[in-house]
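For reference, Swiss-Prot has these:
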REGION    1-119  region 'Disordered'
COMPBIAS  12-22  compositional bias 'Basic residues'
COMPBIAS  29-39  compositional bias 'Low complexity'
COILED    42-95  coiled coil
COMPBIAS  51-60  compositional bias 'Basic residues'
COMPBIAS  77-94  compositional bias 'Acidic residues'
MOTIF     119-147  motif 'Q motif'
DOMAIN    150-326  domain 'Helicase ATP-binding'
BINDING   163, 164, 165, 166, 167, 168, 169, 170  ATP binding site
MOTIF     273-276  motif 'DEAD box'
MOTIF     352-368  motif 'Bipartite nuclear localization signal'
REGION    565-596  region 'Disordered'
């Protein structure tokens, strides 16, 4: 429901009601002051000096009158604020009821209207408790997406926003949602007033962390429901009352359908973050059901997406009210990636890929680096291999248990240096501080995936970072697709003499170590399956791969025998986009993230 904004007239009426007789006395006194300034023109004999003296006197009276009014107003406002605080405190002490309680109408809420785009958070007229949370997070100045989205969201508009990753959009939707909960004085017994839907567990956890910081000084409750977590514990918390809920689509739908005592009839705000990614990973049906179950009356919806697709537009139609505000902060930019990002590629034969990666990581031990691979088994193998040869790395992929993924993610976030090897599970939305390098060891599925991968570095308004993509000679056609997507890349040159040649030692190790050999075979098999499911098959043709060279990149002297078919059936199969974990592939050759 749109939250109306105060006009000058409504503010005046409120002031009359608030101050009662005092306000009327002030209005009655105002004409007298005006009359004192304007002298009758009929008295022509009054000298110029007298007129000047009278004007000076009247001005002085007017200033004194205004200052006394301000003092009186400030006194009354402080008294009113004190009574409001006492009332809020007594409300917070009430015990929550399990069956949920209707909220009073939101029609009385008034939020400040801004003249022009504000620059600092202090200009938004936010509540003192929210401002304390923002200051505690160390923010003062807003990013462009925050300047353009927060004011209309505070005014109750539905918003469809397009912004690059790293633009600061998380605060753009959290601040209005929290202000709404605070203004309506949500309590546990009122149930859930705001829901944030996120495509991945890691992104949901990150949003939840920012929610915790922003709500540190508020009395409203908050919680998170994600796949892989304890469902019973989540249900118990929902029944007690969670005012702001962060969720992944599958688990949210589960609770909406099956958790009795989950009160969401008072929902006022629905936020869909990374909508394109939610749909890409196979949650289209879940989102349609969620939109149908949640109450739409009096609901404000915010939908954010880095890219605009037909499916995103369809989701917007069923979830947003007619006439939403569309905000695109990227259309005026020359490039699709953030400024401050130096992007390059290196052309490298398949048998030299690991040697180059190993040499690069060895030379940059003091840097913070993320390496993207195409499958879970590849991540698992290279993580085990590098740690075994004393090059410490962390690994993150969809086959890990949720607790392991969470621990790894936060360990890397808090580290000042180190390497994280991961699948695209970490490529969307996650805000990992101070990443120096993004290494795309396995090429992305398309330019959109490239943009989201490199979005992990150079984040924020003044962020700096570098990106390096490995390409085989047969894959240089991908550069044309990047150029069409307005992605500026230049070729990086790595002198051959600086590449550490450990191929013979690697092959010997893989030949002798049973567990590494088994892991290498699984990684090799998954790499080929992922390559075969590329959507850009004109560029990434699995039949053009030199399997001898590819196998050397996994530590084999000759290609191992593996159970896989890459026959002619793929030639006739229409291109299929990559699917991520959480989806249900229906074909024999599943998805590029076959084991995500």
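Cβ atoms here come from the backbone N, Cα and C positions, even for glycine.
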Same-chain residue ranges lying at least 6 outside the motif 'Bipartite nuclear localization signal' (352-368) that approach it to Cβ under 8 Å: 346, 382, 386, 391, 393, 415-419, 434-437, 439, 441, 468, 470, 472, 494, 498-503, 506, 553-555
Within the chain of residue 169 (ATP binding site), which residues six or more apart in sequence place their C-beta under 8 angstroms from its C-beta? 145, 146, 149, 161, 163, 273, 304
For a quick check of packing: other C-beta atoms within 10 Å of the C-beta of residue 167 (ATP binding site), how many? 23
Cβ atoms other than its own within 10 Å of the Cβ of residue 163 (ATP binding site), all chains, total 22
